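Structure first, commentary second.
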Amino acid sequence: MRISLPKPFFFEEGPRAVLLLHGFTGNSADVHMLGRFLQKNGYTTIAPHYKGHGVSPEELIHTSPEDWWQDVQEAYQTLVDKGYKEIAVAGLSLGGVFSLKLGYSTVLKGIVTMCAPMSMRTTDIMFEGVLKYARDFSKVYGYTEAEQEAMLNRLREQGMPSLPQLQNLIQDVRAHVDEIYAPIFVVQARKDEVIDVNSAQYIYDTVESNDKALKWYENSRHVITLDQERKELQQDILDFLNTLDWSE
């Protein structure tokens, strides 16, 4: 049986556009339900794939935050080129970090961060996330145990040289959060098992936005967009977007 890979999406609807950004080792499937929900409520949504994501982990380890940031900028530019004049962004995890980076480097109508880290664990712990991605990937694509172990060994031998750059990216964004003035909705899962949950409070306290909100989801884990409170999250994001001062 041939399994299709998740793909970037572009759901065109109304004049209000929302750029949706997935996390490190994630893909567009993590924000697909949110994208469809917003589309049904009149919003155009677009979600890119970062280079090396949604494909073999042996491709992922040869990419870097610089590549992924370029993918984010290209998706934003796609909306601009299509004539969308007002754009909001919502990002999960690393996607939330990129959302903040967009927030102080371009003009946004509003920002949603979901479980976005403002500090990063050691590169060894981060690499464990790459190995988990590899295990999940191998299960989905029917690798034998021997094939999976061979791939994991190749990954361990090569490592992921760009992980220190990912740490640096997060630290750099953290240092510029006080340059954000756009309306912002900070989302954090209480049971987040991946990041330091205090990151959410830091973002909320540090942005200069007059219009800002922080909400904790008590029963959700890190990939909050797919967890049991996802419908509540979808409605909360829609409510936030609807409060923004759109011209159309």
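In case you wondered, yes, glycine gets a Cβ from its N, Cα and C as well.
If you look up TrEMBL, you'll see 17-229 marked as domain 'Serine aminopeptidase S33'. Residues or ranges marked as active site, nucleophile by TrEMBL: S93. Feature annotation from TrEMBL assigns active site, charge relay system to D192, H222.
Everything TrEMBL records as a feature, shown here on the structure.
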{"residue": "S93", "record": "active site, nucleophile", "DSSP class": "coil"}
{"residue": "D192", "record": "active site, charge relay system", "DSSP class": "coil"}
{"residue": "H222", "record": "active site, charge relay system", "DSSP class": "coil"}
Do me a favour and check the Cα-Cα span between the residue listed as 'active site, nucleophile' and H222 (active site, charge relay system); whole Å is fine.
8
Cβ neighbour count within 10 Å of S93 (active site, nucleophile):
26
Just how many other Cβ atoms lie inside 10 Å of the Cβ on H222 (active site, charge relay system)?
22
